[in-house]
Amino acid sequence: LAAVSVDCSEYPKPACTMEQRPLCGSDNKTYGNKCNFCNAVVESNGTLTLSHFGKC
């Protein structure tokens, strides 16, 4: 089973677009897009991971 991952190396960003491309985090929370998710990953010091693409 391949691990699903997102490259968050360019984050955090001060503002995210309103683009809707949901991702489900390991915290079982749906993030609206990669930017919102990656900002949360940075805030969590890397403890938050991607569960899967799409809504939780």
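Backbone N, Cα and C define each Cβ position, glycine as well.
In Swiss-Prot this protein carries:
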type	residues	note
DOMAIN	6-56	domain 'Kazal-like'
DISULFID	Cys8-Cys38	disulfide bond
DISULFID	Cys16-Cys35	disulfide bond
DISULFID	Cys24-Cys56	disulfide bond
CARBOHYD	Asn45	N-linked glycosylation site
Once the chains shown are all counted, how many other Cβ atoms turn up within 10 Å of the Cβ of Cys16 (disulfide bond)?
17
Mind telling me which of the recorded positions Cys35, Cys38, Asn45 has the densest Cβ neighbourhood, counting other Cβ atoms within 10 Å?
Cys38
Looking only at C-alpha atoms, tell me how far Cys8 (disulfide bond) is from Cys24 (disulfide bond), rounded to the nearest Å.
15
Of the disulfide-bonded residues Cys16, Cys35, Cys38, which one has its Cα closest to the Cα of Asn45 (N-linked glycosylation site)?
Cys38
How many other Cβ atoms are found within 10 Å of the Cβ atom of Cys8 (disulfide bond), counting all protein chains shown?
18
So, in DSSP terms, is Cys16 (disulfide bond) helix, strand, or coil?
coil
Where DSSP helix means H, G or I and strand means E or B, what are the helix, strand and coil counts for the domain 'Kazal-like' (6-56)?
10 helix, 9 strand, 32 coil
Cys24 (disulfide bond) has how many other Cβ neighbours within 10 Å of its own Cβ?
18
Quick check for the class: what is the C-alpha distance, in angstrom and rounded, between Cys38 (disulfide bond) and Cys16 (disulfide bond)?
10
Listed in sequence order, residues with CB under 8 A of Cys56 (disulfide bond) and six or more positions away:
Cys24, Gly25, Asn28, Lys29, Thr30
Please average pLDDT over the domain 'Kazal-like' (6-56) for the predicted structure.
96
